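A short worksheet on the structure shown next.
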Amino acid sequence: MAFQKAVKGTILVGGGALATVLGLSQFSHYRRKQVNLAYVEAADYITEPVNREPPSREAQLLTLQNTSEFDVLVIGGGATGSGCALDAVTRGLKTALVERDDFSSGTSSRSTKLIHGGVRYLQKAIMKLDIEQYRMVKEALHERANLLEIAPHLSSPLPIMLPVYKWWQLPYYWVGIKLYDLVAGSNCLKSSYVLSKSRALEHFPMLQKDRLVGAIVYYDGQHNDARMNLAIALTAARYGAATANYMEVVSLLKKTDPQTGKERVSGARCKDVLTGQEFDVRAKCVINATGPFTDTVRKMDDKGAADICQPSAGVHIVMPGYYSPENMGLLDPATSDGRVIFFLPWQKMTIAGTTDTPTDVTHHPIPSEEDINFILNEVRNYLSCDVEVVFGQVLAVWFHILALVTDPKSADTQPISRNHIVDISDSGLITIAGGKWTTYRSMAEDTVDTAVKVHNLKAGPSRTVGLFLQGGKDWSPTLYIRLVQDYGLESEVAQHLAATYGDKAFEVAKMASVTGKRWPIVGVRLVSEFPYIEAEVKYGIKEYACTAVDMISRRTRLAFLNVQAAEEALPRIVELMGRELNWSDYKKEVLILKSDGLTVPTYFTEMEELETARKFLYYEMGYKSRSEQLTDRSEISLLPSDVDRYKKRFHKFDEDQKGFITIVDVQRVLESINVQIDENTLHEILNEVDLNKNGQVELNEFLQLMSAIQKGRVSGSRLAILMKTAEENLDRRVVIPVDRSCGGL
């Protein structure tokens with residue numbers, strides 16, 4: 001094992017020089033032999049998890065309180081922090097992990113969903129002869145291969161098309177992409193290839209065909225980022241790490257080293273955010289893996305510490321799946337301001353992003369309309385004019401904050417390297433900062449290596465190469481078929497469960513409720529358009545979900561796919577969680593015993609939980625942008641003929657000429673054409689347009705809606721579709737569709 005570590009160290013530190021001496025092809029062969037050796041030797045040292053299932057949160061809190069001293073305490077439950085905990089615990093170190101919010105609640109759940117080496121970083125490495133960029137790409141491509149192997153249910157290769165609109169760019173980009181394949185060596189997923197114009201349009205029919213000369217397709221990986229992060233944390237818990245979300249570090253503990261007389265960090269004072277309870281967690285080594293909040297923790301250690309991170313903001317939008325092929329992404333290598341935009345299929349939707357601008361650090365980042373419009377404008381440049389790209393088709397939006405390692409005096413985020421650094425403070429606090437999602441494992445390995453060396457911990461080398469994450473070991477591409485056959489689940493639901501939980505999908509299926517239908521037998525959906533079922537809420541609590549926000553954004557991904565659907569699912573989700581966690585619809589006092597023998601009252605209410613989740617959707621996931629497209633101050637800009645047409649449609653429902661319509665009016669019209677829609681659904685439909693929330697839709701509100709639809713600011717309004725269809729079919733007695741037709745914000 002010492003030999004393997006020495007070889008790896010040589011490549012990481014001096015790989016660029018070695019590549020220069022041996023030549024790229026020889027270097028790739030040399031690296032391939034080293035990687036295979038690392039996998040075999042690492043796998044030989046892995047022991048079985050100590051827990052078949054992750055212990056409950058309550059059990060984890062008791063472990064945190066009652067353990068006299070841990071070897072390692074990791075602060076931060078994102079990808080890197082969870083990776084550090086898994087790396088440490090699998091080396092035999094007594095490990096603790098605390099996170100002030102939920103696992104993956106920050107940047108790790110708001111990524112572009114790619115597992116990639118970084119084509120643009122390789123371009124910089126070549127153009128600027130930057131050996132650090134080259135090493136970073138090389139390392140990332142190795143980690144990409146490993147991640148696809150250890151979590152096959154959560155990740156897969158994705159072909160990405162680079163459209164070419166100038167003939168000279170075709171050989172230029174082809175050489176760059178082929179170098180990307182070459183640097184990957186044996187870790188190359190599939191070889192890149194060139195497409196003619198006709199073949200490119202065959203694969204990506206939505207593409208702008210004017211001036212298109214061809215395209216190049218290369219492969220990277222894609223994953224479900226929040227679920228991947230959670231799998232890392234759950235795997236660490238199964239191997240014996242004491243992991244707890246909603247545990248905030250309020251201060252660092254210190255003690256004097258008897259040998260040097262200097263103060264050393266010796267743990268942290270932690271606060272349970274859900275109950276207010278505080279206690280000390282002591283450790284020989286504390287690792288700061290808090291992403292954008294890196295400098296906040298460093299200043300707990302030393303108030304005078306200089307900032308080492310410069311936050312950069314990125315915004316992504318989600319659009320209906322028909323904007324992209326089901327299995328082909330798109331890369332815009334040079335946007336109007338020089339940034340890169342990805343346009344990717346994900347979870348049967350389409351992701352577009354990201355922006356890259358300096359920002360302030362906040363726990364609740366809010367996307368702006370300006371960023372959304374920038375992405376929409378860039379997307380329009382690459383899609384056919386037949387494909388309308390409008391604000392109203394945006395289903396969800398999110399804003400992430402990258403912690404880029406930089407000189408504190410630097411004001412520009414774009415040229416900053418995505419390399420990571422491991423910093424050691426005078427008091428022994430270990431900080432890991434920078435890097436990227438793909439390289440979380442190698443970052444964790446470097447961090448724990450440093451911790452072991454600096455704090456003289458007794459531990460062997462890293463054992464996480466090839467270590468399967470939760471759900472990955474016994475997963476197979478056909479696992480979903482057994483779920484359909486053994487439990488009577490819908491095929492779409494079974495595929496979703498297999499791709500989300502891997503070999504743990506059977507446990508979710510066992511919890512599924514009977515539907516009362518001939519088929520499917522079990523698996524009641526939370527919302528009709530998505531394959532999420534009620535059993536996932538119950539299982540999510542076993543995965544440390546504590547709030548409704550945890551459930552809609554990270555246990556399921558509903559909030560990231562369609563905020564309206566997430567809002568509709570919320571009442572049922574809160575009801576199910578309340579039943580499992582003993583919430584109440586009225587204020588219920590729960591006495592929490594503190595370590596000093598006193599009790600503190602804590603309150604859990606379903607109504608407050610519902611309101612908190614709605615605020616999350618409104619501010620952080622794009623619902624605010626939707627509401628601002630249609631307000632009681634929205635301008636009505638319709639032609640006189642359109643106004644007359646829409647008034648006529650409105651008065652078919654408002655036959656008494658009241659100037660407004662209610663649920664009763666809608667029900668009357670529907671009954672006249674023998675159509676029935678349940679009252680709760682009608683409430684939801686009218687509420688989408690009821691701007692002043694008085695329980696009725698005025699004529700002015702209806703005209704504002706129709707004006708916004710014409711401008712493309714609103715799309716897929718169920719009330720507009722219902723009223724139009726009713727008007728056209730009053731005499732034909734046809735069923736009126738009321739499901740969202742992929743309409744956006």
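Placement of Cβ uses the backbone N, Cα and C atoms for every residue, glycine included.
Remember, TrEMBL labels are computer predictions, not curated facts.
Residues annotated as domain 'EF-hand' in TrEMBL: 641-676, 677-712.
For the domain 'EF-hand' (677-712), the number of residues in each DSSP class (helix H, G, I; strand E, B; coil) is 22 helix, 2 strand, 12 coil. On the 0 to 100 pLDDT scale, the domain 'EF-hand' (641-676) averages 85 in the predicted structure. Summarised by DSSP class, the composition of the domain 'EF-hand' (641-676) is 23 helix, 2 strand, 11 coil.
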